[in-house]
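Quick look at what Swiss-Prot lists:
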ACT_SITE  D251  active site
BINDING   H17, H19, K103, D251  Zn(2+) 1 binding site
BINDING   H19, F20, R21, N45, H140, L223, H255, A267  substrate binding site
BINDING   K103, H140, H178  Zn(2+) 2 binding site
MOD_RES   K103  N6-carboxylysine
Amino acid sequence: MTTESYTIKIRRPDDWHIHFRDGEMLRTVVPYTSHYFGRAIVMPNLLTPITEVVSAKAYRGRILAAIPEGDNFQPLMTCYLTDTTESSQIEIGYKEGIFTACKLYPANATTNSSHGVSDIKNIYPLLAVMEKLGMPLLVHGEVTASHIDIFDREARFIEQVMEPLRNQFPALKVVFEHITTKEAAQYVLEGNNNLAATLTPQHLMFNRNHMLVGGIRPHLYCLPVLKRNVHQEALRAAVASGCDRFFLGTDSAPHAQQKKESSCGCAGVFNAPSALPAYATVFEEMNALPHFEAFCSLNGPKFYGLPVNEGFIELTRKPSTVIEHIDCNNEKLIPFLAGEDARWDVKVTD
């Protein structure tokens, strides 16, 4: 691994999994994505979830209003699936270009998921509609039964939910989001072209020791939680393999500092300001930079059936200090790698 300065140029990337929140938080964080990314799949888990076309249109409007002048960015909206979601909302939203995909949250799996699906069979009729439309299903892949250890929830999800689901709907396009385990990585590698996965920078850079040894680091706490080193290494090997069904999804999820640094802290890593340097660092460490552009900019559009972005960004191998905090509504947001020297500096070239 060299420390010499050099520059790589890639197609403008996309973020296939992000949380913008709403209100002042949305207005604060959107520019950190819109400046560098061409598109982003926007998660629908607001306090009042995005379950209908009308609410998706309104939310998209609020996002568009937060994009700084000059940024060429398109938010791609998703529908939050519930036990009572109407298939007409999915079909109309997809055909009108409002919904790009639907999101499956097992009930109570993560932030604002209490409205999620209680039993996957409850939405089988919806999945049949999606399969017919060619509409992707985005999956938070964890079971939530109280007796299952939090570190085992993803692996158990594959056995109990994902495999039966894919057997029932073999033509359904499925994104296994923010995978964290060797079991998930292997499952996707062995899958067909209808199965893909996103990976976050924190799960590629760190494991649970980084979060827990020598003191708890709450700004590394997210769901699914960081796992053992063996799982981290499996994720790194997966992206380094060049498999075109792995792509960038930051799962950037901002919370105010006081909500992270508390006796019962919120799950979520706000990584939008530092995600691209972090990903580049991992690919460099894995001697996989030849696959970096595909992971960031090509694999996602291929899976979703969308054109690649026309613009470009440049990443230069030189230190660039990550901002320590971002002010938001009289509170602070602490970004991923806050105050640290990232190895890469990023700029837009078009």
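Including glycine, each Cβ sits where the backbone N, Cα and C put it.
A map of Swiss-Prot features onto the structure.
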residue	record	CB count, 10 Å
H17	Zn(2+) 1 binding site	26
H19	Zn(2+) 1 binding site	26
F20	substrate binding site	25
N45	substrate binding site	23
K103	Zn(2+) 1 binding site	27
H178	Zn(2+) 2 binding site	26
L223	substrate binding site	19
D251	active site	27
H255	substrate binding site	25
A267	substrate binding site	15
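Note: the Zn(2+) 1 site is recorded as H17, H19, K103, D251; in the same chain, I18, I41, V42, M43, N45, L138, E177, H178, G249, A253 also have Cβ atoms within 8 Å of that site's Cβ centroid.
Secondary structure at K103 (Zn(2+) 1 binding site), taken from DSSP and collapsed to helix, strand or coil, is strand.
A separation of roughly 21 Å, to the nearest angstrom, links the Cα atoms of K103 (Zn(2+) 1 binding site) and H255 (substrate binding site). Listed in sequence order, K103, L104, Y105, P106, A109, T110, S113, E177, H178 are the same-chain residues at least 6 apart in sequence whose CB falls under 8 Å from the CB of H140 (substrate binding site).
Residues K103, H140, H178 make up the record's Zn(2+) 2 site, and a Cβ search at 8 Å around their centroid adds H17, M43, L104, Y105, T110, L138, V139, G141, E177, D251 from the same chain. Within 10 Å of H19 (Zn(2+) 1 binding site), counting CA to CA, the recorded positions L223, D251, A267 contribute D251. In the three-state DSSP reading, H17 (Zn(2+) 1 binding site) counts as strand.
When the alpha carbons of D251 (active site) and L223 (substrate binding site) are compared, the span between them is 10 angstrom.
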